[in-house]
Amino acid sequence: MEEKQKSLSPPPCPSTVTVRRNPPRRARATPFTTTTKPPLSSLACAKPHDVPTFPIDEILSIQIPQSEPKPAIAESLKIFLRIKPLRTFTKVTTTTKSRPRNVWPQNPSKKNNAKENRNPEITKKVRKKDEEACITLNDSYSVTLTPPQSLQELKRSKTEVYEGFSHVFPADCSQNDVYDKMVQPLLEDFMKGKSGMLAALGPSGSGKTHTVFGSLKDPGIVPITLRQIFKKNDESCSGSLRSFNLSIFEICSERGKGEKAYDLLGGESSELSVQQSTIRGLKEVPIQNLEEAESLIGQAMLKRATATTNSNSQSSRSQCIINIRASCNGFSNETKLQSSDAMLTIVDLAGAEREKRTGNQAIDFGLPGTDPYFILFLMPTIPLTMNTRYLLAVTVGVPEEPKEGIAETSSKFFGSLTRYLRDYLEGKKRMALILTVKAGEEDYLDTSYLLRQASPYMKIKFDNTEEPCNKRQLKTFPRAEKNKKIKLSAPKTSQIEENFQGERCQISQEVNLQGKKADPTDRSSPRLEHVAQDKNEREHIIMRNFSKVLWNVLKQCNEKLKVAEGEIFTLKDSLRREQLKSLGLETELISLKSSCLAQPCIPEVEVIVNAKEHFEVDAALTNERNVDDDSCNLIKARREAGAEESSETPVPKVVRNVDDDSCNLIKARREAGAEESSESPVLSVLRNVDDDSCNLIEARREAGSEESSKSPVPNVRNVDVDSCNLINPRREASTEESSESPVLSKNVKDAELVPCHLSSENDAEPRQSVNSEENVGIPSTITHVEAEVTDFQRDQNQDDPTPSPEQVEVSQDCINSGLSNVQTKSAISRRFPDSEKQERNRRLLPASSRSLTEEMNDLEIKDIQTEKQQVKTTNTRVQKKAVSIQGQETEVPPREAEPASTKKQKNGQKPKRRLQPASSVLLTREINTLEIEDDIAEPKVNRGGKKTTVSQPRSQGSVTLLRLLTNNLHL
């Protein structure tokens, strides 16, 4: 077995080993192409291959040369001392009295005493001797403190020498000297990315604030530091890659209370909360130039808490901290690394001194030796590093554990400032102190106390360790940010090419940074890239603001468009309404024009006129009398002329047509039945008359055409009588009408009936009993002709059966006028239906005329009924009435003078008369033109008293025409 193991042992490893990173090897076969596995017996029989082992021991035994670590640089705490120059006191005196010119010489000694006694106000200019300095400068690193003579006599103090200062500034030094020695090293480290702090402490009036801030003529540390920062930033190549921010706040410690922090660059109530080395709510203002920084510092100084003490008129009562933060936005070619944000802190502490001497009420801790220079006791109260603690315990003699009183005082009243300055007090960051003292004899105690407390800390040393950079060394490529910023606009090809080229440049830059050496001359690419990035960001901001403005403008336009659309809609609606109104007005205008064309003459009706207008009535009646006289004379002349003229006068064929229509209507009424005759006895009388007239018409037709051609005039002889007389026979029934109509009797008082023009035909509905087409069924043509001869036929037909030529001519005129009215009415009925005509008539007729027309219709109906009652009496009365009509002219007195029953005057004298037009004929024309439908015809009584068997009602016109034809048959 041992032999087998020896044979299987690998050969010895050579002295040199070559390791290939990627050795060539063949690809393995896929499992589908592999052959069947050989049996285990064959594997056992096969000899194993000789595989050498990996030489781990040799590799581990190789010694790699390591770089020697740099020894830590032990630096001592830098403490500077500045001595304030002494002050000289001068008193200027003025004399109120001048010496007179002419005086006797006096003793000089007596003269001086007399002046002092007499004039105590008079003083003289006395220069006080220079104050003796209690501190003297030995060299740049040590001073000697000498007590004044008063203290030396009492043997309370001795001369002391203090050494170990980083530098001592004499009284005649300038602000630039202080900056060069103390601030310049801190500023250089700050520009390289290292943080640092500078604190100024000392008694009130020693020059702390003057050293830190200075004045306009002699600026202090802070203004000079800012000036140098911007100057170096402009000179350096990486200046554009660094930005600066400024923040100023104060921490106030009040008596018996804790601490409060306030932001001096914020608003009025800008209280802060201190959390370790960070302050929540602190405002950082970016600064671009020196002017902005100086204006911010001046604004903060005005808000700082100050108070008046015995040693200074404006003593700082708070701890003022000024922070200047530098942030790097790119790569620094000097350091070849991206450094973290650096902070330069300058602290102006409050004035600290003995309370009894200065009257300072701001700080009083009750513990001796802890109130003025608390910062010197902060280091023992916080956990320091091992090195710092060891140095404090061995070299200085500071106990490792601080005293209880000091720890309580520091933690209670300086907790905020202690936590904020923790990194500097532990030695992690660089810190420098400047002590300001006064060299006067009066300030010996404060100066001695300050130097004794600061002397142990001059020997403290700490390791200057580099802070590790927490940020990444390489800047990531901002592709996602660019995509986010270019959301509003579509990417262009030029932009895509620029981005690709920028990526390539940055990748090559990263490769160069990873190498050992980089080209120091190549400084343009990061700067150009940063400039391009700033330009893109600026363009993005401009486009975003422009898009916001454009969106607001579009919103305003949209609102205005909505308002305009609403106004357009209202205007369209109003326009539509106006169009409808205009259409209605046009329709009404057309109807008015058609009515005016269809009715050339305005009908006349009788209306009730007030008694005040009697003079107009008299004038109308006078004209009517003249017309009646002329017409009567004309008729008499024609009667004397003979029958020859009557044969020559042409008569239209309308009478024959009227006879035919009336005969047909009478036959139709007979077939209607006997129901109406039983209901109204008056209609039965009319039917009897129609029967007789129908028989007479048939007999007349048999006579032939010779009769009509030779003498057509006798058929209408009796038509002229009423139109010749033009006297209303219904005057006889005026008394009965006034008694029957109470409404009319009220309106008839002090009034007369006169002709009047009306423009409406719709209000004649009360006259339905006189002329009705709907109930009777007679056409308008027959009704119109018959109505003209209705009233006059009752009286004239009995007296004079034989017509005269004058009567025939007058009747011819009446028939022609009736035919013209019939044609006008038929034209109107074709154009307008009955419903439209009635609606138009109602609209055109005024309310007053309607009421008057109704009253007149009632009056006329009652007149007709009165006449019919008079016809029923006797034939004798009818004959007398006919004689009176032919021989005499009827007098028409006023309505008020009419008796209850009118009678004809039998005397031979011709009374005064008032003639009126044939009102019945005029009213009939108006009613026929307007197609007013009447009720059932008024009851009539036959002369012989016989009742007809015809049950169908007849109109007044047809009865009158039949009576006319009957009277003319026997001629």
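The backbone N, Cα and C atoms fix where each Cβ goes, and this holds for glycine too.
Swiss-Prot lists region 'Disordered' at one of the ranges 1-44, 925-968, namely 1-44.
In this structure, the binding-site residues G202, P203, G205, G207 were compared by how many other Cβ atoms lie within 10 Å of their Cβ, and the smallest count belongs to G207. In the three-state DSSP classification, G202 (ATP binding site) falls within coil. When secondary structure is read from DSSP and collapsed to three states, K208 (ATP binding site) falls in the helix class.
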